[in-house]
Amino acid sequence: MATEEKKPETEAARAQPTPSSSATQSKPTPVKPNYALKFTLAGHTKAVSSVKFSPNGEWLASSSADKLIKIWGAYDGKFEKTISGHKLGISDVAWSSDSNLLVSASDDKTLKIWDVSSGKCLKTLKGHSNYVFCCNFNPQSNLIVSGSFDESVRIWDVKTGKCLKTLPAHSDPVSAVHFNRDGSLIVSSSYDGLCRIWDTASGQCLKTLIDDDNPPVSFVKFSPNGKYILAATLDNTLKLWDYSKGKCLKTYTGHKNEKYCIFANFSVTGGKWIVSGSEDNLVYIWNLQTKEIVQKLQGHTDVVISTACHPTENIIASAALENDKTIKLWKSDC
């Protein structure tokens, strides 16, 4: 169920974009975004764990400790369907590039591949010996990468559901896995304090990123252009790395993150922002270049565990834990 936020007249009028006299091709990042709450999506009966927009921009998928995946309209928050089949809670969900398939990672030690339109489970991926915590398709969507509390990273064949490679990746639970934009590399992060870059084809570790300190790494992903890595650590810090040089370029702070694996994002549809949830129940938005906090979104009543940025519009989805259980859709003019 989506409830819509009603705006006072004056604010709605003020939110109309004004025509710009100098509409140049490459716009500099605006000073600040103005994300406002548009819809609250209620339906999950336990903590929400992950939210992801479909690559075609039509849908939002959510996963939860209630063992369910729910599909919602990306623009209006309208509930579309529930997808069920896992025996225990789900920690992550991810879309295929054509927006037709989903993969989910569950505490039942399996991943499942789903046909979204029918809601049917096409394959169950078995092999991990502990909770599966994170998953992603490669851009070609013929492979899936998963990370588990069994400390391994696995690469799976989408068509057959067979495990192609098991990487003895880390010495603690794996918190995130992500392919770069051509699918040639995988990045993984772990509570062992490391980020590792893997060659997809060979399964070889190409690079290990180590900071001076080594707090648990709770999330990692490649930037859209594939040159950088965004990594979250459980010392209330997000860092942007040039991984080829092994150098930290930017540090983003001000939020609270010491306990949970909170997703972070690059927002690139308008201004260039970094977006993350936080343990103080807020969504934080930073200017990517200047590292300053440009907006904090208030409304959730528990830890904001997951945020997602729409592929083409200035829309953020956020999701929160057990005391809240809702998903919120926020929109900005820039």
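Keep in mind that glycine also has a Cβ here, set from the backbone N, Cα and C atoms.
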If one consults Swiss-Prot for N6-acetyllysine across K78, K112, K272, K291, the residue flagged is K112
Name the residue among K46, K159, K245 that Swiss-Prot annotates as SUMO2 cross-link.
-> K46
Tell me, roughly as an integer, the mean pLDDT over the repeat 'WD 5' (212-253).
-> 98
Residues in the repeat 'WD 5' (212-253) grouped by DSSP into helix, strand and remaining coil | 0 helix, 24 strand, 18 coil
What are the helix, strand and coil residue counts for the repeat 'WD 7' (299-333) according to DSSP?
-> 0 helix, 17 strand, 18 coil
